[in-house]
Structures are given as C-alpha cells and as structure tokens.
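Below is one structure, written out as structure tokens, with a few remarks after it.
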Amino acid sequence: MGQDRGKYDFYIGLALAVSSSIFIGGSFILKKKGLLRLARKGSMRAGQGGHAYLKECLWWAGLLSMGAGEAANFAAYAFAPATLVTPLGALSVLVSAVLSSYFLTERLNLHGKLGCLLSILGSTTMVIHAPQEEEIDSLEDMAKKLVDPGFVVFATAVIIIALIFIFVLGPRHGQTNILVYITICSVIGALSVSCVKGLGITIKEAIAGKPVLTKPLAWLLLLSLIACVSTQINYLNKALDIFNTSLVTPIYYVFFTTSVLSCSAILFKEWEHMGTDDIIGTLSGFFTIIVGIFLLHAFKDVSISLATLAVSIRKDEKNGPLLNGMAAHNHSSYELLRNEVTEDFDDIESGLPFDSVSRRNGTMTVS
C-alpha cells in the first residue's frame, strides 16, 4: 500500500509540475506583450520604477497565468520531492521560447531547437535519478528542519546576498547587467520553495482535521511566502522589461534551479540517500539542461535553420573546385615569377649590368 501510494503521489506531482511549466511559460509572453504595449503608449517603464503595468489587462492575464502555474507548482511540492519538481521548470523555458517565436517575433533558430531538445533530455534524466527526501509528516518535523544550523547559515547568507543586490548593486548595475535582477529572484526563490513545502504540509494536516491554524509556524511560512513571491515578481518584471525574454527565462531557470537544489540538499538532506549512479545522473542531467539553455539563447541572433544549412553545404561544394583552380593558378604564377627571377640572375652572371635589364610585357630590353 505504501509503494502504491508513493507511485500515486509521484504521478500527481509530475502532472502538476508539467502543467505548472505550461502556465508559467505562457505567463512570460503575456506579461511581455503587456509591457511592450505600455512602452508604445509612452508610459513609464517598469525598469525605470514605473507601475503603469497594474492598469494593463495583458499583464494581469500573465499574472493570473503565473498564479495558476505557481499554484500547480505549490501542489506539486506537496506530493513530490523538490529535486523532482524543480528540474521540470525547464519546460517553462521551452514553452516561453516557442511562444515568443510566434507572438513576440523572437526567432527560434536551429541552435534554439537543439537547446530545447537537450533541456528535455536533461530534465528526463534528472527525473529518473531524482533523490528521495527525508519524510516530513508534520509541522513539528518542519520546525526542526528550519532551525538546523546548516539551514540557518544558508538562509542568512541568502538574505544578506539579496539585500546587497537590492540596495547596492541594483541601483548601479540593474539597467545594464541582466544577472543583477535575476540573482535577486533566484536566491529569494530558494526560500520561497521551502515555505511552499511547509505550507503543503500545513494544508495536509488541516485536511486531516489537525488544528494547524493555531500554530505560529503556519502563519510565519505564509507571510514569508508572500514577501518572497512579491520580491520575485517585482524584480522579474524589471528584468523582463529591460532584457530579451528568450534571454531572461533560461538564465533565470539555471540560477533558480541551482538555488533550489542547494536549499533542498541542506534542508531535506536529499543527497545523503543517493547512490553514486544517481548523483552522477542528477548532475549530468542538470549540466545537460545548462548546455541546452546556453544553445537556446547564446546563438539566438544567428539566422540558421536546416534549409539555410543545406544551402550553405551546397555552396561549399560548388566553391570547392573553384578554390582548387585558384590554388593551381597561384601555383603557376609563383612558378612563372620564380623563372623570371632566375633568368635575371642568369643575365647578371652572363656579364650584363643588373640595372640595365628590364622586363615589360614579357619582353627583355637592354639599355
């Protein structure tokens, strides 16, 4: 019964994670179109501190789509380990990249398609080798995890890094460096996942009839989640407004996934129960995703497809004989020049002054 329930929970978490990626990937497109519409109207942009997007219907549609995706993601964390759910966020990158090529006229070339394929393969590998987290059945167990010295140090470091980026690096480099706002979203996202996991346990206990609403930890997790999500939305809006969507989405995925995997390893001790093959498989899958994400955005401005690749190959085949002919002609010219120089030195040796010998149009005159 326990194994059947585990499989049941696994497939529920998997389905919720996939649907979450679809909703979140679509939300990037809706938000971006809303921000572009505001820019055409001349409103103050989000990247400059404006909040005119709060009056834009498309932006709200994107927010609702992201809310649905986050709700599905929230539920997925309640049924499956974080290291299983988080890598499937790569699907949101694929959805966003494909939809942006249709609705935002952002090209998805051959490199991008290969990157999408590699991201899917990497995600599948990580799902196969996903670690098993320690069982947490109650808020009391969660409270013990949250006061673990390792997690306390991690959470403190995350908060300090976020504050430095928000108040020091953000005002100076946020408009020119894409990593500033994305780093803020990513490190805060690691804490939000921990809050989501705790609230998932709270909801399960509430459904079971336990008086969880009287426990301070439940409300602390809820308030922390609201603060984290609000911060993520604010700085993600700024990144989307300033930089290209196909650039923001993949980099955000890599940073966010790395933060969540680190947090899960520290908080839930997932990696302690993994074998060597699963560790290698998980890391290989993650690095495969990173390579796929790199291909997806690093060559986005290169216009290449299967059709243009075939044309390029045919041109190379046609130019091959011509290049060989040019090489033969150059070799003949070199032989002719060498013969002329040899004849000049022969003339010198025969007694003619060197400066009295000149060649014009292939004839020799002696002065």
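Backbone N, Cα and C define each Cβ position, glycine as well.
If you look up TrEMBL, you'll see 12-30 (among others) marked as transmembrane segment.
Marked as transmembrane segment by TrEMBL: 74-104 (among others). Proximity of distant same-chain residues to the transmembrane segment (74-104), defined by a Cβ-Cβ separation under 8 Å and at least 6 residues beyond the stretch ends, is recorded for 9-10, 12-14, 16-18, 20-22, 24-26, 28-29, 32-33, 36, 112, 116, 119-120, 122-123, 126-127, 130-133, 193, 196-197, 199-201, 203-204, 245-246, 249-250, 253, 256-257, 260-261, 263-264, 268, 270, 282, 285-286, 289, 292-293, 296.
The transmembrane segment feature in TrEMBL is assigned to 151-172 (among others).
Below 8 angstroms of C-beta separation, residues 73-74, 77, 82, 86, 146, 155, 158-159, 161-162, 165-166, 169-170, 221-222, 224-225, 228-229, 231-232, 235-236, 238-239, 242-243, 247-248, 251-252, 255-256, 258-260, 262-264, 267 of the same chain, each at least six residues beyond the ends of the transmembrane segment (178-196), sit close to that stretch. According to TrEMBL, the feature transmembrane segment maps to 178-196 (among others).
The transmembrane segment feature in TrEMBL is assigned to 217-235 (among others).
Only residues 6 or more beyond the boundaries of the transmembrane segment (247-268), in the same chain, are considered here, and those with a CB under 8 A from a CB of the stretch are 25, 28, 81-83, 86-87, 89-90, 92-93, 96-97, 133-134, 136, 145-146, 148, 150-151, 154, 158, 178-179, 182-183, 185-187, 189-191, 193-194, 197, 236, 239-240, 286, 289-290, 293-294, 296-297, 300. Under the heading transmembrane segment, TrEMBL lists 247-268 (among others).
If you look up TrEMBL, you'll see 280-299 (among others) marked as transmembrane segment.
Remote same-chain partners of the transmembrane segment (12-30), defined as residues 6 or more beyond its termini with a Cβ less than 8 Å from a stretch Cβ, comprise 58-59, 61-63, 65-66, 68-70, 72-73, 75-80, 84-85, 88-96, 99-100, 103-104, 127, 240, 245, 248-249. For the transmembrane segment (217-235), the residues of the chain that approach it from at least six positions outside its boundaries are 63, 66, 70, 139, 142-143, 146, 162, 166, 170, 181-182, 184-185, 188-189, 191-192, 195-196, 198-199, 202, judged by C-beta separation under 8 angstroms.
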